[in-house]
Amino acid sequence: MLPLYLLTNAKGQQMQIELKNGEIIQGILTNVDNWMNLTLSNVTEYSEESAINSEDNAESSKAVKLNEIYIRGTFIKFIKLQDNIIDKVKQQINSNNNSNSNGPGHKRYYNNRDSNNNRGNYNRRNNNNGNSNRRPYSQNRQYNNSNSSNINNSINSINSNNQNMNNGLGGSVQHHFNSSSPQKVEF
């Protein structure tokens, strides 16, 4: 059982909390949020020294009584619960589950990812949905290769004309001229 889940179901129970600075707070839990920030009522707060010494000593006068206190979850060192609180929470959860499942209009909603034998295939599309217009991508691939030989021939002629430009001395400028209309380039 997760600590946050335990605390949310333990509202109304007496508990003792030690903070990171050594203070001890005793009270009744009234509210818990997702960051484990607590609100306690009927609170007694003890400083570090009075918690260490016995209650018969004069140091016990450092105890402070408060109606309510709010404690940030980041300041909590540990929480001491009553011995039987886990059993009470389990009984409370079971009684809530039994009362909710027998009510009228009760439906259980399951995660649809696990249905239709698609376990583990969450990102795959099911193309067998009865829609004949949808085909897998591989069946729709068609290439127009009629001009590919002409393109390859022109690329080869450009590369053979410009091989003397690429002499390994760094970058070079390659000019592509049409043989039917010669052009002059001045540098």
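Placement of Cβ uses the backbone N, Cα and C atoms for every residue, glycine included.
As annotated by Swiss-Prot, compositional bias 'Low complexity' applies to 112-167. Annotation comment: Swiss-Prot describes 175-187 as compositional bias 'Polar residues'. Swiss-Prot lists 2-85 with the feature domain 'Sm'. Annotation source Swiss-Prot lists omega-N-methylarginine at ARG119. According to Swiss-Prot, the phosphoserine annotation covers SER181, on the basis of experimental evidence. Feature annotation from Swiss-Prot assigns region 'Disordered' to 93-187.
Each residue in the domain 'Sm' (2-85) gets a DSSP state, and the totals come to 20 helix, 38 strand, 26 coil.
If you average pLDDT over the domain 'Sm' (2-85) in this model, you get 86.
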